[in-house]
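First comes the structure, then the notes that go with it.
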Amino acid sequence: MSKLRVAVLGAKGRIGSEAVRAVEAADDMELVAALGRGDTLETLTETGAQAVVELTTPASVMENLEFCVGHGIHAVVGTTGWTDERLAQLNTWLSGSPETGVLIAPNFSIGAVLTMKFAEQAARYFESVEVIELHHPNKADAPSGTATRTAQLIAAAREKAGVAPQPDATATALDGARGADVDGVPVHSVRLRGLLAHQEVLLGGEGETLTLRHDSLHHSSFMPGILLGTRRVVTTPGLTFGLEHFLDLN
Ligand SMILES: NC(=O)C1=CN([C@@H]2O[C@H](COP(=O)(O)OP(=O)(O)OC[C@H]3O[C@@H](n4cnc5c(N)ncnc54)[C@H](OP(=O)(O)O)[C@@H]3O)[C@@H](O)[C@H]2O)C=CC1
Ligand SMILES: O=C(O)C1=N[C@H](C(=O)O)C[C@H](O)C1
């Protein structure tokens, strides 16, 4: 069987360099390009890349995806910074290339995806919920894409269940003391040397609390998800948001 021809964008970065090694080690894939900043995207067509793993920066990802989708190259995207406007733009590009698949995964770690799903399930049973994400200090964005997605899922589940806004009697606060407000869910960002990528979802009800915690201890934690996403995206046209859609969860 012929191998899937895969390219990595952001190949010199923290996660991109790990992805290069993971693709090289996968029996069913061939790494045809490993591109960094300044490298030409034409390399993707010249090398016949069928799928791209996009791990760059929010400032670069849209230009890269416009090229990939425009050339019918499937994409697996870990880069953060997704807004409704960006998703609409991407869908417009995809409508002009209906056989192309794009997976955007706020987090490729299976444990992190499950944490999001568990938080979504638990959200309607508790009065209060707050998210704390903790990352290495070189991370460019806050809150993390994972925390933003987690808060959005929680908020949607609570709205669907008709849960009242959570209690919070704060009358005065220093700017930022109560975190960022993501759809009504407070999200707190910690940046600390020694950490990689961690998240806690704190849920509180009458006389009890539930804490969901996930820790990515090494960039290898993201690789099974990247490889799974790459294998699946080539047969899944259109936009898929979240690795959970490829995990056969019910
Ligand atoms: N979904 C997930 O599971 C995960 C997502 N991420 C996300 O992935 C992104 C990258 O993270 P991380 O590796 O830590 O960041 P890094 O800064 O270490 O890596 C990004 C790399 O992309 C390069 N780059 C920038 N623009 C381009 C471009 N146009 N073409 C090719 N390469 C480019 C950068 O080059 P230069 O240094 O010259 O700027 C850098 O080498 C972030 O958005 C992060 O949040 C990270 C981990 C897991
Ligand atoms: O920048 C990182 O490191 C990570 N970014 C992603 C995010 O913002 O959620 C995924 C993971 O948390 C690691």
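Using the three backbone atoms N, Cα and C, a Cβ is placed for every residue, glycine included.
Residues or ranges marked as domain 'Dihydrodipicolinate reductase N-terminal' by TrEMBL: 5-108. As a whole-number mean, the pLDDT of the domain 'Dihydrodipicolinate reductase N-terminal' (5-108) in this prediction is 98.
Under the heading NAD(+) binding site, TrEMBL lists Gly10, Ala11, Lys12, Gly13, Arg14, Ile15, Gly78, Thr79, Thr80, Ala105, Pro106, Asn107, Phe108. A simple way to gauge crowding: the CB of Phe108 (NAD(+) binding site) has 27 other CB atoms within 10 angstroms, across all the protein chains here.
Residues or ranges marked as domain 'Dihydrodipicolinate reductase C-terminal' by TrEMBL: 111-247.
Annotation for His135 (active site, proton donor/acceptor): spatial neighbours Ser144, Ser189, Val190, Arg191, Leu192, Leu195, Leu196, Ala197, His198, criterion Cβ-Cβ under 8 Å with sequence separation of six or more. The active site, proton donor/acceptor feature in TrEMBL is assigned to His135.
Sequence-distant neighbours of Thr146 ((S)-2,3,4,5-tetrahydrodipicolinate binding site) (same chain, six or more apart, CB under 8 Å from its CB) are Pro106, Asn107, Ala112, Met116, Glu133, Ala197, Gln199, listed in sequence order. In the three-state DSSP scheme, Thr146 ((S)-2,3,4,5-tetrahydrodipicolinate binding site) falls into the helix class. The annotation (S)-2,3,4,5-tetrahydrodipicolinate binding site is assigned in TrEMBL to His136, Gly145, Thr146.
Around Lys139 (active site, proton donor), a 10 Å sphere centred on its CB holds 16 further CB atoms from the protein chains shown. The active site, proton donor annotation in TrEMBL covers Lys139.
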Taking Lys12, His135, Thr146 as the recorded positions, the residues having C-beta under 6 A from ligand 1 are Lys12
Of Lys12, Thr80, Lys139, Gly145, Thr146, the recorded positions with C-beta less than 6 Å from an atom of ligand 2, in sequence order, are Thr80, Lys139, Gly145, Thr146
Spatial neighbours of Gly145 ((S)-2,3,4,5-tetrahydrodipicolinate binding site) among the binding-site residues Lys12, Gly78, Thr80, Phe108, using Cα within 10 Å, are Gly78, Thr80
Once DSSP output is merged into helix, strand and coil, His135 (active site, proton donor/acceptor) belongs to strand
Given the binding-site residues Gly10, Gly78, Pro106, Gly145, the candidate whose Cβ has the fewest other Cβ atoms within 10 Å is Gly145
